[in-house]
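Annotated domain 'Phosphagen kinase N-terminal' per Swiss-Prot: 11-98, in sequence order. As annotated by Swiss-Prot, domain 'Phosphagen kinase C-terminal' applies to 125-367, with the evidence given as sequence analysis. As annotated by Swiss-Prot, ATP binding site applies to 128-132, His191, Arg236, Arg292, 320-325, Asp335, with the evidence given as sequence analysis. Residues or ranges marked as phosphoserine in Swiss-Prot: Ser164, Ser178, Ser199, Ser372. Here Swiss-Prot flags Thr166, Thr180, Thr313, Thr322 as phosphothreonine.
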Amino acid sequence: MPFGNTHNKHKLNFKAEEEYPDLSKHNNHMAKALTLEIYKKLRDKETPSGFTLDDVIQTGVDNPGHPFIMTVGCVAGDEESYTVFKDLFDPIIQDRHGGFKPTDKHKTDLNHENLKGGDDLDPNYVLSSRVRTGRSIKGYALPPHCSRGERRAVEKLSVEALNSLTGEFKGKYYPLKSMTEQEQQQLIDDHFLFDKPVSPLLLASGMARDWPDARGIWHNDNKSFLVWVNEEDHLRVISMEKGGNMKEVFRRFCVGLQKIEEIFKKAGHPFMWNEHLGYVLTCPSNLGTGLRGGVHVKLAHLSKHPKFEEILTRLRLQKRGTGGVDTAAVGSVFDVSNADRLGSSEVEQVQLVVDGVKLMVEMEKKLEKGQSIDDMIPAQK
């Protein structure tokens with residue numbers, strides 16, 4: 001939980017060795033990168049809004065990670081965190097994002113017309129398609145560190161911006177605190193709303209403070225374009241629909257997102273972005289595009305194939321269970337999405353999903369007929 005600066009000064013009465021966390025049983029990127037030397041060097045630093053090294057790492061100290069799943073183990077409290085604590089963040093970013101170096105530049109491409117295909121994924125296998133990203137509003141602390149006033153200001157700005165959208169994007173904001181339990185649960189079950197903050201990662205990082213104050217969901221009239229306000233990021237923008245038309249989902253995503261960005265810019269509140277990290281977000285795993293383009297796809301045979309994991313890796317895709325992170329697949333339906341966020345563009349990342357899923361559906365159809373797919377195994381992308 002973020003503390004005031006005085007608390008950090010109080011800690012300096014103890015030697016770095018006495019304050020250094022025990023990370024001996026940890027499996028996360030932070031624990032791998034945080035040496036005693038780095039801890040010594042950074043522990044008395046703080047960002048202009050008062051975020052400290054211990055605030056950055058607390059979630060990773062409290063959640064050692066999973067023997068098979070490498071979590072990130074740290075968060076940013078504001079835009080400056082990535083600069084002030086770069087000695088810790090840089091190796092974590094390099095490790096998490098396939099060797100992305102401190103000197104590398106990210107690229108952005110939100111021109112949906114650059115996507116090839118994507119309108120012909122077989123709906124008998126691809127049940128739904130979704131693209132999401134996060135955005136942070138410049139000048140405000142991020143959710144692990146923002147005050148109640150800041151969070152409410154972000155909500156007010158966001159609602160004003162979103163309510164000015166027209167046409168296919170015309171919609172309405174639903175604050176969490178005025179929803180009944182049933183309404184909330186229904187939206188969660190329909191995959192429209194974020195879960196209640198029970199995740200230890202959310203809790204330990206301070207993101208769940210004052211819940212549900214100033215949190216909510218905005219969506220257009222036909223629920224195909226949604227914005228979450230003040231969950232893990234200031235904004236999470238989501239375009240989704242049933243079936244396999246990823247081309248249309250991505251078009252709506254790009255157009256809606258750029259409209260929102262334009263409105264915020266005009267109001268004097270651009271999104272946090274720089275040419276090294278792309279869009280700046282709370283979790284280092286989302287830096288770059290912040291984009292996750294995913295489909296729910298039925299792969300009853302391919303998922304039992306001994307090379308399933310290898311095929312995903314070669315296609316630069318990752319799988320989750322049907323309900324998202326840390327859940328099991330129900331009825332052989334997997335949530336398959338791009339593994340990369342940083343160093344490649346939005347179009348490139350969605351292209352990998354479209355091409356990879358198309359290939360996997362073709363493999364699935366061959367396996368149904370009892371045919372071999374050995375000649376279809378892709379090379380590493």
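Using N, Cα and C of the backbone, Cβ positions are placed for all residues, glycine too.
Feature map: annotations from Swiss-Prot on the structure.
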residue	record	Cβ contacts under 8 Å, 6 or more apart
Arg130	ATP binding site	Ile238, Ser239, Met240, Val249, Gly293, Gly294, Val295
Ser164	phosphoserine	Ile263
Thr166	phosphothreonine	none
Ser178	phosphoserine	none
Thr180	phosphothreonine	none
Ser199	phosphoserine	none
Arg236	ATP binding site	Arg132, Thr133, Gly134, Arg135, Phe194, Val227, Trp228
Thr313	phosphothreonine	Gln380
Ser372	phosphoserine	Lys366
DSSP-derived helix, strand and coil totals, residue by residue, for the domain 'Phosphagen kinase N-terminal' (11-98): 42 helix, 6 strand, 40 coil
Cβ atoms other than its own within 10 Å of the Cβ of Arg320 (ATP binding site), all chains, total 18
Within the domain 'Phosphagen kinase N-terminal' (11-98) only, compute the mean pLDDT. 95
Under a three-state reading of DSSP, tell me whether Arg320 (ATP binding site) is helix, strand or coil. strand
For Asp335 (ATP binding site), the number of neighbouring Cβ atoms whose distance to its own Cβ is within 10 Å equals 22
